[in-house]
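K.L.:
First, the structure itself, so that you have it in front of you.
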Amino acid sequence: MWGMARIDEWKPVIAMLVFDLISAVTTALIKKALQEGLDRLVLITLRQLVATVFLAPIAYFKERSTRPKLTLEILVYLFFSAAFGAALSQYTFFYGLQYTTATFAITFTNMAPVLTFLIAVLLRVESLNMKNKAGAAKIIGTLMSFAGVMLLTLYKGVALTHQVEPSEGPDHHAAESGKKSWTLGTVALLANCLCFSFWLLLQSKLTKKYPALYSSTAYMFLISSLQGGSLTAAIQRRASVWILTRPLEIVTIIYTGIMGSGVGYVLMTWCVEKRGPVFTSAFIPVIQIMVAMIDFFFLHENLYLGSVLGSILMILGLYILLWGKKRDALEASSSATAKEEEEDKEKQVKS
């Protein structure tokens, strides 16, 4: 019995490590496919379509007896959930990934919980008490994370590794163009975090109104593929962009659709149900370590001092923020329990 309990304890940890590995490989594959000319919107559309085909049967059989009826209000929520959570967030991430490195791009995912917290405070969805330790930790964590972002954006630093990069000649304009592309990529990644943060807040409301998680995600994937397809058809007039000629393009779309979106979502949802969102968020920086290894050994990208220092600040800030949120939740839980005990005592006295 003790052994089985220990195995059950480790299951969420193993699941999150598998999720991190899937995410790292997904990022590396997308980076390589974009470098070889795969259109960003085509990638989003086909990836979401593959994810829909994968998740729809699971949602149908798992939730056919519990799935609520679709209403116009739910459809509106699903439309914006698809826009923020899939179409816009993926497009901005792919844009940023194309003009920076895989390690740099994945580093910005650490900002998502921080931005979500700030937006939640501004919208008064979450309270902030600066007088206790939890509130102070949230503020310190947020400031450290933003300091890390500023360092990542404004300071590239010297290369800590010495990978051979393609030579572009001593052209000053090429160097300036490279700096501009890096800045645009950084802005796109920040926009990605904002989209993801808004999506998380939107999802918190959607799950209450439509608690069928697998079905709502399958709908979200389907709607986002329609959004991406419509936008691609409006922008790209050439039918040739839809034709996948390279094996890497086909592998990227199938893998990212099934593993990155489908299996990844199932694992993350299961972990949130078992151990909560704080536990799940704590594994985000592990993806960065895995991506850095893939980036160095397979994509042959250089690692820069600014990226390392900024990453350390962001990860420390994230963990301090998560600690503050966990402590806040424990205090709220203990105060609620104490209140219930007082009410029970009052009832006993009256009786």
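Keep in mind that glycine also has a Cβ here, set from the backbone N, Cα and C atoms.
In case it helps, TrEMBL gives these features for our protein:
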- 12-153: domain 'EamA' (DOMAIN)
- 184-322: domain 'EamA' (DOMAIN)
- 12-30: transmembrane segment (TRANSMEM)
- 42-62: transmembrane segment (TRANSMEM)
- 74-96: transmembrane segment (TRANSMEM)
- 102-123: transmembrane segment (TRANSMEM)
- 135-155: transmembrane segment (TRANSMEM)
- 182-201: transmembrane segment (TRANSMEM)
- 213-235: transmembrane segment (TRANSMEM)
- 250-271: transmembrane segment (TRANSMEM)
- 278-298: transmembrane segment (TRANSMEM)
- 304-324: transmembrane segment (TRANSMEM)
K.L.:
Looking at the stretches 42-62, 182-201, 213-235, which one shares the most CB pairs under 8 Å with the transmembrane segment (250-271)?
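P.N.:
Between the stretches 42-62, 182-201, 213-235, 42-62 has the largest tally.
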K.L.:
DSSP on the domain 'EamA' (184-322): how many residues come out helix, how many strand, how many coil?
P.N.:
119 helix, 1 strand, 19 coil
K.L.:
For the transmembrane segment (135-155) against the transmembrane segment (304-324), do we get 3 or more Cβ-Cβ pairs below 8 Å once near-sequence pairs (under 6 apart) are dropped?
P.N.:
yes
K.L.:
Quick one: mean pLDDT on the domain 'EamA' (184-322)?
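P.N.:
So the average pLDDT across the domain 'EamA' (184-322) works out to 82.
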K.L.:
The transmembrane segment (12-30) and the transmembrane segment (304-324): do they have three or more Cβ pairs under 8 Å, with pairs 6 or more apart in sequence?
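P.N.:
Per Cβ check, the transmembrane segment (304-324) does not touch the transmembrane segment (12-30).
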K.L.:
Would you kindly list the residues that approach the transmembrane segment (12-30) from elsewhere in its chain, counting only those six or more residues past its ends and only Cβ-Cβ distances under 8 Å?
P.N.:
43, 94, 97, 102, 105-106, 248, 251-252, 255-256, 259-260, 263-264, 267-268, 270-271, 274-275, 279-280, 283, 286-287, 290-291, 293-295, 298-299
K.L.:
Take the transmembrane segment (74-96) and find every residue of the same chain, 6 or more past its ends, with a Cβ under 8 Å from one of its Cβ atoms.
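P.N.:
For the transmembrane segment (74-96), the list is 30, 34, 40-41, 43-44, 47-48, 68, 105, 108, 184-189, 191-192, 195-196, 198-199, 202-203, 205-206, 209-210, 216, 219-221, 223-224, 227-228, 231.
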K.L.:
Work out, from DSSP, the number of helix, strand and coil residues along the domain 'EamA' (12-153).
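P.N.:
The domain 'EamA' (12-153) comes out at 118 helix, 0 strand, 24 coil.
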